[in-house]
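Engineer: Next up is a structure, given as structure tokens.
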Amino acid sequence: MKNVLLGRSAAELEDWAVAQGHKSFRGRQIHDWLYNKGVKSLSEISALPKQWRTELEAQTFRVGRLKLVHQSVAADATTKLLLATDDGETIETVGIPTDQRLTVCISSQVGCPMACRFCATGKSGLQRSLATHEIVDQVLSVREAMDRRPSHVVFMGMGEPLLNSEAVLETIRCLNTDLGIGQRRITVSTVGVPKTLPQLAELAMEKLGRAQFTLAVSLHAPNQQLREELIPTAHAYPYDDLLDDCRHYLDLTGRRVSFEYILLGELNDHPEHAAELADRVGGFQSHVNLIAYNPIEEEEFKRPTSQRIEAFRRVLERRGVAVSLRASRGLDQNAACGQLRRQHLTGSDLT
């Protein structure tokens, strides 16, 4: 959006200031106020001449910040924000704190077209993709809400990032160069869109110089048949083709791929499933991240027992697969993996 300043680099803001008839240092001042001070309107940038601020607002230039609609905090301090865009759409983003880090789980679209059966986001379909400033804002909003500098960012909120790759990669550039978050601390999660992984690698090298962020591919099943049952769009992307594209991505970037696997009680969590998964990803420079299912209202999937989770993990480890188990955070506020939607909690009811 040409009149929005958030999301622009220091160099872009310097050039823009010169084009407006001012010195380039004014662009650097704006950059500081956008990313370090987190202003929400041009009128707040007191370092700029008042007359110029008035002129810019008259020309409809704006910062591009979103509006905080609702904030909820879980018992474990995980914080979920409902944010409104200028056109009235809403998205959710989550801040996940530990003693050592603050991870922000951000959305790349309003809703999601992938319709994974175990995920709340896809139940309402896709409204539109988010612009760069709308994605960047989520990190700033969490920073403000939690009064803490984010250390890690994961594109695991609402939407399919590879259906909005231009804005996602520009956001990564902004997070890296403007907010100082290292690429290796950024993860892009995808359920898989045919032919996009090699394109992502090439576009990342063009825009970022190197693709150093982590790619996380959501498998959630050890074979094509079961994957299609859980992920309707998987019918267009055969399992072997997806893994071949992951290998191609690895060859292009030199970066290990992470595979995500949601464990659904007595559906995809048998030891036989673990053995089949190990056969698929074994000998591959990769890592498997296990995620216990987080309940949503519309589905009757079960969260697996801790015994079944541990048995699944042991099978992978015995077969030489690097594996970890993601802790579920924010469950009591519907802020955990797979639970995000465009709503907030009022008492015990979704509104």
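Keep in mind that glycine also has a Cβ here, set from the backbone N, Cα and C atoms.
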Engineer: Figure out which of SER124, SER141, SER189, SER324 sits with GLY159, GLU160, SER218, LEU219, HIS220, ASN294 in the S-adenosyl-L-methionine site per Swiss-Prot.
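Structural biologist: Candidate listed by Swiss-Prot for the same site: SER189.
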Engineer: CYS112, CYS116, CYS119: which of these binding-site residues has the sparsest Cβ neighbourhood within 10 Å?
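Structural biologist: Comparing Cβ neighbours within 10 Å for the binding-site residues CYS112, CYS116, CYS119, CYS116 has the fewest.
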Engineer: Work out how many Å separate LEU219 (S-adenosyl-L-methionine binding site) and CYS105 (disulfide bond) at their Cα atoms, rounded off.
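Structural biologist: With distance taken Cα to Cα, CYS105 (disulfide bond) is 19 Å from LEU219 (S-adenosyl-L-methionine binding site).
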Engineer: For GLU92 (active site, proton acceptor), what is the secondary structure state per DSSP, taken as helix, strand or coil?
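Structural biologist: The residue in question, GLU92 (active site, proton acceptor), is strand (DSSP, three-state).
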Engineer: From the recorded positions GLU92, CYS105, CYS112, CYS116, CYS119, pick the residue whose C-alpha lies nearest to the C-alpha of GLU160 (S-adenosyl-L-methionine binding site).
Structural biologist: CYS112
Engineer: Taking the Cα atoms as reference points, how far is CYS112 ([4Fe-4S] cluster binding site) from ASN294 (S-adenosyl-L-methionine binding site) in Å?
Structural biologist: 18
Engineer: Looking at the binding-site residues SER189, SER218, ASN294, which sits with the largest number of other Cβ atoms within 10 Å of its Cβ?
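Structural biologist: Per the Cβ count within 10 Å, the most buried is SER218.
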